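Everything on this sheet refers to the single structure shown next.
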Amino acid sequence: MSGCILFIQRDLGINEVQQEVLVGCLSFISLLGSLAGGRTSDAIGRKWTIGLAAAVFQAGAAVMTLAPSFGVLMAGRLLAGVGIGFGLMIAPVYIAEISPAACRGSLTSFPEIFINLGILLGYVSNLVFSGLPDHINWRVMLAVGILPSVFIGFALVVIPESPRWLVMKNRTDEARAVLRKVTDSEEEAQERLAEIVDAAAAMMNAAAEKRSVWQELTRPSPVIARMLVTGLGIQCFQQATGVDALVYYSPTIFRDAGISTERQLLGATVAVGFFKTAFIVIAIVLIDRVGRKPLLYVSTVGMTLCLVVLSTALFMLAHGSASRALGIGVAILAVCGDVAFFSVGIGPICWVMSSEIFPLRLRAQAVALGTVVNRVTSGAVAMSFLSICNAVSVAGAFAGFAVVSALSVAFVHRFVPETSGKTLEQIESLFGDDGRREMELGDVEQLVPHKG
């Protein structure tokens, strides 16, 4: 959409407020899909919720492609947003529940790498199709987004259901068959099945207390409250640092920095997408080897520094206190650096942590709640960015993001434990202490008994 908006503005004659609404509404409306996704995946299964997400998104993309007016374009954007909300919620949950502990972090990062690959391909399509007439080019850019989701239909024939969901539905034999396919030995499959059955039994005991999932989330025990602080907090900080402003409005930011032609703007945007995708591959390689928390430190500190540099460069360009070529170069490098640090840490780890810290009974709907927080924050940033820039300048907006990013460093230090190498059932016990001891990297070597 970041490239499409340049041509939609000319073809449909939309104003700045309509641009903000068109870009930002996706995040807000996706929360409906995320909220519905939690209950839907508990009812029909993780696998078929993935299929539903793809179908809804395809319908929305088709409506946008054929839209004759801003109103119809908005309708398609809203429908696509619901599909995205389903997908953002269910993909990490499904992968976390089917993956072995040793490589769960890497595998749960896959949705993020493919989101970033999709963004990069979107930027490339912006550049490739920008030479078409204005009433056609943006439609083709949106239409090509339908193709990848079609392949999910073929994937549904191959992929199994989540073994944890199957146990939750008393389909233990089917769960055992799935675990035999995704583990190295019969013994490992039996061990994982026993852990899942124990967790499901605890879930049933909680259900016998007549407390619904949402009652447990809205009136949580101390243990669940600590999980919520970590899960919702990291979702909020992932977006509050302004990465979606860079993704959605990178052509606008580069234009403010002094890049003039549309092909140069789109070319610089492709560079952003390349860095964002390349560094998330690095995160996938490191996440289970180095651990979640070290990568989060590298990510949040690096983003803070890049945002400070970007804000300074834009300020100097606006006031003529730096050469134009140098200022533009520094601004582009700072933007690329910010998305690179985002992608190597908090980008994928946000979803990994959210999908692995909650107990089985609460997992789907707790992740849905976290996705809502993520999308609301993203939408607030996207729908207010241009207005904030008009009020305090682009440099001032990114100075504010730098402050938020610095706060995220403190949040990671205080509230995020290391979960690498632990089973989903073991991770629950990391939150079972008195909540006042600081969770350092070495703390996870000795698990604390669950007292919740």
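If you go along the chain as it appears here, the first residue is 1 and each next one adds 1.
Glycine is no exception: its Cβ is also placed from the backbone N, Cα and C atoms.
The domain 'Major facilitator superfamily (MFS) profile' annotation in TrEMBL covers 1-420.
The transmembrane segment annotation in TrEMBL covers 21-38 (among others). Beyond its flanks by at least six residues, the transmembrane segment (21-38) meets 1-2, 5, 8, 14, 49, 53, 56, 70, 73-74, 77-78, 80-90, 244, 248-249, 364-369, 371-372, 375-384 of its own chain at Cβ-Cβ distances under 8 Å.
The transmembrane segment annotation in TrEMBL covers 50-72 (among others).
Here TrEMBL flags 78-101 (among others) as transmembrane segment.
Annotation comment: TrEMBL describes 113-132 (among others) as transmembrane segment.
Among the features that TrEMBL reports, transmembrane segment is placed at 138-159 (among others). Residues 3-4, 7-8, 11, 47-48, 50-51, 53-54, 57-58, 61-62, 64-66, 118, 121-122, 125-126, 129, 132 of the same chain lie 6 or more positions beyond the ends of the transmembrane segment (138-159) yet place their CB under 8 Å from a CB of it.
Listed as Cβ neighbours of the transmembrane segment (265-288) (distance under 8 Å, sequence separation of 6 or more from its ends, same chain) are residues 2-3, 6, 102-106, 109-110, 112-113, 116-117, 119-120, 122-124, 126-127, 130, 246-247, 250-251, 254-255, 259, 295, 332, 335-337, 339-345, 347-349, 352, 420-421. Taken from TrEMBL, the feature transmembrane segment covers 265-288 (among others).
Within the chain carrying the transmembrane segment (294-318), a Cβ under 8 angstroms from the stretch's Cβ atoms is held by residues 237, 241-242, 253, 256-258, 283, 286-287, 324, 327-328, 330-331, 333-335, 337-338, 340-342, 344-347, 349, 393-396, 398-399, 401-402, 405-406, 408-409, 412-413, 416, 441, all 6 or more beyond its ends. The transmembrane segment feature in TrEMBL is assigned to 294-318 (among others).
Annotation comment: TrEMBL describes 330-354 (among others) as transmembrane segment. Packing against the transmembrane segment (330-354) from elsewhere in the chain are residues 88, 91-92, 96, 104-105, 108-109, 111-113, 116, 230-231, 234-235, 237-238, 241, 243, 246-247, 250, 253-254, 257, 268, 271-272, 275-280, 282-284, 286-287, 292, 295-300, 302-303, 305-307, 309-310, 313-314, 317, 322, 366-367, 370-371, 374, 408, 416, 419: each is 6 or more residues past its ends and has a CB under 8 Å from a CB in it.
Sequence-remote contacts of a segment are chain residues at least 6 beyond its ends whose Cβ falls under 8 Å from one of its Cβ atoms, and for the transmembrane segment (385-412) they are 16, 19-20, 233-234, 237, 240-242, 245, 248-249, 252-253, 256, 293, 296-297, 300-301, 303-304, 307-308, 310-312, 314-315, 318, 346. Here TrEMBL flags 385-412 (among others) as transmembrane segment.
Summarised as a single figure, the pLDDT of the domain 'Major facilitator superfamily (MFS) profile' (1-420) averages 84.
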